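Beneath this line is the structure, given in structure tokens, with notes to follow.
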């Protein structure tokens, strides 16, 4: 530890103690908040089922930065590099298309054995795993419908895929000793004016009920459902709307997934957390950065990321909110994208933990909104960066932008050789 870092740390402890904050306790609390990193940033959502196939479902990964992972070995190596540069607890979020098999496997036939390498790797790196059925980039999703499909056979195929995915998810939780959160997102919707908006939603309701009919130990598996406003090619109607899934999660007591990019650009999920928590047992967050639409840009340490973190901490939702990331930028180094976004999420959580929330709540309750605003703004100037750097130091990860040198070296030695 450098003298400069030690001096900054001691000063930060004093400054935060002056406003009633124990920075050591804040760091202990930060270690209770894992962030689930998404595997699909590493290969632009290609997966291993058909890596040369096109990405469908109204989502896009734009850019052609060289060096993307082409197989599971490369993806795990890239993840290891990213994980080594991010302090504190992490998880990994997998999609079904990241299965490993010597022969083709239909999506309704996936089994735990197709993910045994991921489980062994997660054990070795002390990671929890989360999971997602992949209801896109497939011939039977080509017309834009899956679980809400009017064709009974196609709809049943996707039901069976989601049921098989739940068994994989439960296997993750059983093997790793931490519950896997399995999130269901489907692209189902229509491009133009839709006459019958009810029937697809009735089909989706019945399909989801069949999907979750098999009971699993909640210590191993947690169901989540995710809404969306629109997607490319489904601008006019989305079956799985916010109202649909809010009602479903509340009535079935599943987790509700809130994705930062899945609402109108003037809406923010930070404002939805406290409302949803009154009705659903758990929330899954997909922290992202929408630029004009659900563009899935890399997460910044911006106002909304901070507001999301503050909601979790202020209301002590540590055990009810699962923090995941969802972005995929193919225009920059993909390992750097993981590191930037995940470190930013953790920085936001730390800043929230360093807030004198009790004092601010008292000011608010007494009607002293002047002092509330003044202290909230002054809080931004306190030396949280020194606390962050100490956290990085204790977890043997680089402080500041030193991690970028490691990424550049890896790019030169490993990524540049991929063609």
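First residue shown is number 1, and so on along the chain.
Using the three backbone atoms N, Cα and C, a Cβ is placed for every residue, glycine included.
According to Swiss-Prot, the protein has these features:
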BINDING   262, 294, 296  Mn(2+) binding site
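Shown on the structure are the features that Swiss-Prot records.
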| residue | record | Cβ neighbours (10 Å) |
| --- | --- | --- |
| 262 | Mn(2+) binding site | 25 |
| 294 | Mn(2+) binding site | 24 |
| 296 | Mn(2+) binding site | 27 |
How would DSSP class residue 294 (Mn(2+) binding site) in three states? coil
